[in-house]
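Q: Heads up, here are the entries from Swiss-Prot:
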type	residues	note
REGION	1-73	region 'Domain I, interacts with DnaA modulators'
REGION	73-126	region 'Domain II'
REGION	89-122	region 'Disordered'
REGION	127-349	region 'Domain III, AAA+ region'
BINDING	Gly174, Gly176, Lys177, Thr178	ATP binding site
REGION	350-470	region 'Domain IV, binds dsDNA'
Amino acid sequence: MNTSEQDRWSRVKGRLRSSVGEDIYTSWFARMDLEDVQDESVRLSVPTRFLKSWIQAHYAERVLSCWQAEMPEVHRIDLTVRSAVRPVAPPKEAPAPVETRRAPAPELRSTATAPVSANHDALGGSPLDPRLTFASFVIGRSNTLAHAAARQVAEGRRGDPVMFNPLYIHAGVGLGKTHLLQAVTWAGNSGNERKVLYLTAEKFMYGFVAALKTQTALAFKEALRGIDVLVIDDLQFLQGKSTQAEFCHTLNALIDAGRQVVIAADRPPSDLESLDDRVRSRLAGGLVVEMGSLGEELRHGILKSRVAAARAHHATFDVPEEVLHYLARTITHNGRDLEGAINRLLAHSKLNNQPVTLEMAEREVRDLVRPQEPKRIKIEDIQRVVARQYNVSRSDLLSSRRTANVVRPRQVAMYLAKTLTLRSLPEIGRRFGGRDHTTVLHAVRKIEALVSKDTALSEEVESLKRQLQE
């Protein structure tokens, strides 16, 4: 892809983001890539068939119109699924079939890329990447708690009391959620004691729908509920009322039986608006951990880890420290961009038989160096910071209390939610204890009027904004 095409693609993505909103863009379009541009057609790719089907069914016209705003001659968008080429271990010999009167559940066999225990082999699941283990996970300030909680789950034994259930990890794209979930699965399946199953939400949906079609839903449910540790990735993609109901039943059954559930998504439970309230409530009742953005020190550590991994197969490959610092300082979006940068330098160095230099790095990764995006502020962050500022609790802000020491902080928090987020008035009201949108509008207008004439309050509000934007 040349520079002009990359620039055009960036503008199209900006139009698409503005058109559908930040949340929808992150859920459905963040992993969409540009593959090719012809005279009247554009070829895009996504990592899964589910994403392809969903975008084609719900957003095809929107994507086309965004392209036509940049290239009026484009009349067709071709959406393809990227292939993830990984070596697959030879399949093990299948055990002898056992007679049963009940039809078998739809197969959920994992295409694992390294040897796993018999338990994992029998249970199956979504494909696992052998690189995504605890040994290769780089720990930093933004992921320490998530890593510790995941290790605690992975090191548990059958019959041990379950401390965090469910363990719910949320973060943006490329910040390490899937790495931790697969690390839990690899570690849990390293022995023969527990049954650990890793599934994407997409695989869960396909499995359940297939079970309904083949009239094996009961066997499907029993197979899932026999798991010791159920690991579900990308929960934001769970769609359909019947599928969500089954997921809720499975979640409740496993937790009530003392089995561990680990879940990852790109947002906290309260933001999964497509999910039933019962599911969100159960998810919020466990340990909810956010993995924050990667700081420069952590990015540097990830880069060094990726160089070391590459050197295991290419002994002469080396990246000077000044190049690592440059990459860590300028590639700030996510860990996948960092890994992509190392892969580019490796390819360029090996194919051209040249050492890696700072000049080469600046040239090869320039499209990964993105303008610093403004911090995405969440309503939960606003409530937390305001509660701390005014020495009240978050539950006070959400309560029906009308005392002066609670009403003013609540109004300030609602005002900040309206001015610093893209949430609608009804949504803000729901986040503040189920209040009506008119209550939010009154609070916003009240604070707007006060800050224009109350210097002290104006300074307080500006201080809160700075704290939230840091």
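Positions of Cβ are set from backbone N, Cα and C atoms, glycine also.
Where in this structure would I find these features, and how exposed are they?
A: DSSP assigns Lys177 (ATP binding site) to a helical segment in the three-state reduction.
Broken down with DSSP, the region 'Domain IV, binds dsDNA' (350-470) shows 84 helix, 0 strand, 37 coil.
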Q: Judged by the number of other CB atoms within 10 angstroms, which among Gly174, Gly176 is the least packed of the binding-site residues?
A: Gly174
Q: For the binding-site residues Lys177, Thr178, which Cβ has the most other Cβ atoms within 10 Å, all shown protein chains included?
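A: In terms of Cβ crowding, the pick is Lys177.
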Q: An 8 Å radius from the center of the Gly174, Gly176, Lys177, Thr178 Cβ atoms defines the neighbourhood of the ATP site; name the other residues of that chain inside it, in order.
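A: Near the ATP site, beyond Gly174, Gly176, Lys177, Thr178, sit Ala171, Val173, Leu175, His179, Leu180, Ala264, Met291, Gly335.
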